[in-house]
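Student: Got a structure for you, written out below as structure tokens; questions coming shortly.
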Amino acid sequence: MSAPLTRIAAAEDGVPAARPGSGRTGRWLRRAGRHRVALTLAFLLILPWIAPYQALAVTILVLGLYALGFNLLFGYTGLLSFGHAAFLGGGAYGCGIAIVRYGLHPVLALVAGTLLATLIAAAMGVLAIRTRGIYFAMTTLALSMCVYYGFYQAESFTGGENGLRGINVPSLTLPGLRLSLLDPIVKYYAVLAVVGLAVWLFSRLLSSPFGAALEAIRENESRAQACGYDVRRMKLVAFVLSGALCGLAGALQAIHLSIVPIETMHYSTSGQAVMMALLGGMGTFFGPFVGAATFALLQDGLATLTSHWQLFVGAIFIAFVLFLPLGIWGEVLARLRRAGW
Amino acid sequence: MSGITIGGFPLDLIGLQLVTGIALGAIYVLVGIGLSLIFGLMNVVNFAHGAFFMVGAYVGVFLYGYTGSFWVSLVAAPLAMGLLGLAVERVLVRPLYGRGIDDPLLLTFGLSYVMVESVRIAFGLTGLPFGAPPELRGAVDIGIGYFPLYRLFLIAFSLAVVGALWLFIERTPFGLVIRAGARDPQIVQVLGIEIAKVWLAVFALGCALAGLAGILAAPLQGVTPEMGIPVLAEAFVVTVVGGMGSLAGAVLAGLIVGIVVAMTSLVAPDMTKMAIFALMALVLLVRPRGLLGRAGALG
Amino acid sequence: MVSAAPLAVPAAPPILAAQGLGKRFGHFRALSGVTVDFSEGGITAIIGPNGAGKSTFFNLISGAFPPSEGRVLFRGQDITGRPPHHFARMGIAKSFQITNLFPHLSVRENVRVAAQARRVRFAFFRDRAAYPELTERAEALLAEVGLGDRMDRLARELAHGEQRALEIAVALAAEPTLLLLDEPTAGMSPEETRDMMDLVQRLAETRTLILVEHKMKLVMGLCRRLVVLHQGELLAEGSPDDIRAHPEVRRVYLGTRA
């Protein structure tokens, strides 16, 4: 009957983020928690100047949003999904198709992509939420494979095996503003404007009564239900919101890469979200960006050394599960907290 | 006989396709049982199950190249995967007991990356072709037409394995321990048996079954490093459709999935992959606990 | 708050009624044909030796799982088989036998999030601090159960007895008119037990309480009525004096324990 145990419940001093209502956090961490959006944005503002190259910074930004959306479900609601590629891919295809086939304005295309991902999430969620615990991971994986094959088959719309090509957005025209996205720095800050908005909304969501209820569900599902929460409905809403955020990330990725490879929807992309959330620290606000940066840098660095970088990514991931289950940022927070910060 | 048609397809063609589905289902049954066995007893979802399937196939194909005997492969592949399973449980999974239920799942997920990439390093990216061994090639008349001998062998062999497994679990003392352990690990402790040893053995057994399924599937499609990925997803479908941790459910669902795939490829070949998941969606809507779920983990 | 009802209002339906309740787990009959009315106000204890079906009965009347047969009525309304969160919203709260809290949330947040459940659920944008009445209510309840100085600790850091008290505060946060407690003193030291029983008595001044208790002696003094289960069936019910004098109860319960 007990709720699926999460990594947080298993960890030694696993108080995840500094968040309202969690006790015994030192003064500095509490203060940082109150300004988590500002601090995150400050980091993202300087990221292109510390990243090895600027296109990688955009990748980190987009992957960070993807991991952030995933973390809403995994870290804050306690549901482990292995199907989030369907949302990243849904957002990417939705945005790409809107631009390539219908010539929509990029901003509207972002909306279209997010909407498509939201719809996919709703359809998958209605089914997946009927299973609990470990079966949820299995069901979401299987359902996302179904979406993958669907998009694979719908060749006239999605380009099938070859992916969707030609999503060229050289510039962005807004009222009174014209930005050239060919300049990587301009592109980065344009993407950051969207990601920053999403980060702010995400923070509001976590602080809201709904966010509190999600944490309660993560901590103890049957208790939350006995308190009067309709746990199933709340999980579904969390699933859909998580899908929408990942869809937005996918839409941004489509514009960033100007192509949507079919692999975007593949199981391994779902696994990437899991890896980033775990590397960074699940259930922490800033962890997804740390995880995304770690993953992107690892991939980028290893790929120049060996074509078999996945071997090392897998081994590093295993090491994290065994020895550093809180993830990088989660471990940092736990140590600072123990030190009385 | 040949004059009768259903939906435009002659009856004997449908019959042949049905047998094809059962042969395909036999693979799903073996993979699904391994997954269900580990899950039912240990509450661990082995995300490397598809990778064990794949490595088993490679081991078998590799040994076939050396020995020229399919029978050696048929014994060696599950044996090798069983040993690998022993090592994995002992070294990697065991430290995670008592932690969150997601931890072994995440670990085996990472492990699948390592296994797939190791095979790519050892055998290359493109995979190896593999056909049925000479003694199992050709076709036999099964009354409604000629049917590939290898697929008949596949059905018979899987049936024998499932039967042996059933006898093992229902009729031997060790099987009794497995059944008791699936209901309540503490009972096993009370009986004076170390549950850790039972888990070790069952994890190895599940992996061995995956490896066996891999080498049995190899002649149907050849082997590639990625062959385990769709199998993992399909094995999940089998366990969800069959019911949580139910072995009988895995058998039933494995056959149903195989038949659904075969029938869809007859009617709408493009929809074959989708059909598997549509089946799962249907079961989740109508009977979320699965066809034979809840009737005791191994009942 | 509903005030304690006078002892016998003739026309009012019982606050909770079990009608022929039974539960099977596979072939095992955990409970069969139990019919009991619980009237408003005071404390009713459900007692019985181990394996009598107390916990099963508790789980059925608190909606944790549906019965195999029979009905549960709340103020005359059939609530059989409704999901657990409906029970909570109708004013039925429960505490669990095993400590069942939100371990990584602060003590205050444990109660606040429970209080929130009946007021705001789907509010996505306002800060939870924008509902000060919920925090105030949580703090008042924590003071009531004696955890006023523990509010900033994490629930998992509390001592066992404190966790049991928090458990009750979480249950009370849902503003119940009917409070169901499953062995509230399980695993407690004698002092903790005494404190808990005092608390239970205070709570019953303004609410109806039904509690499952293993230790018969403990409840004899404070409850108005007792329901005795034995081997999954109703053995007896009545006032503490009735139960003490009941020959069957003496045989199966007191006899084996004394």
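From the backbone N, Cα and C atoms, a Cβ is placed for every residue, glycine too.
So TrEMBL lists the following for this protein:
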TRANSMEM  B:14-37  transmembrane segment
TRANSMEM  B:44-64  transmembrane segment
TRANSMEM  B:70-93  transmembrane segment
TRANSMEM  B:105-128  transmembrane segment
TRANSMEM  B:148-169  transmembrane segment
TRANSMEM  B:190-216  transmembrane segment
TRANSMEM  B:236-262  transmembrane segment
TRANSMEM  B:274-292  transmembrane segment
Student: Considering only Cβ pairs within less than 8 angstroms, which of the stretches B:14-37, B:105-128, B:148-169, B:190-216, B:274-292 has the most against the transmembrane segment (B:236-262)?
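Tutor: It is B:14-37 that shares the most Cβ pairs under 8 Å with the transmembrane segment (B:236-262).
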Student: What same-chain residues lie close to the transmembrane segment (B:190-216): Cβ under 8 Å, and 6 or more beyond its ends?
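Tutor: That would be 26-27, 30-31, 33-35, 37-38, 41-42, 44, 46, 49-50, 52-61, 73-74, 77-86, 88-90, 93-94, 97, 154, 157-158, 161, 174, 177-178, 180-181, 223, 227-228, 231.
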Student: Quick check: do the transmembrane segment (B:14-37) and the transmembrane segment (B:148-169) share at least 3 Cβ pairs under 8 Å, counting only pairs 6+ apart in sequence?
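Tutor: They are in contact.
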Student: How about long-range neighbours of the transmembrane segment (B:105-128): same chain, 6 or more residues beyond its ends, C-beta under 8 Å?
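Tutor: Residues packing against the transmembrane segment (B:105-128) from afar: 44-52, 54-55, 58, 61-62, 88, 92-93, 96, 222-228, 232.
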Student: Sort out the residues at least 6 away from either end of the transmembrane segment (B:70-93), same chain, that have Cβ-Cβ distances under 8 Å to it, and list them.
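Tutor: Same-chain contacts beyond the flanks: 44, 48, 52, 55-57, 59-61, 63-64, 104, 107-108, 111, 133, 135-136, 157, 199-200, 203-212, 214-216.
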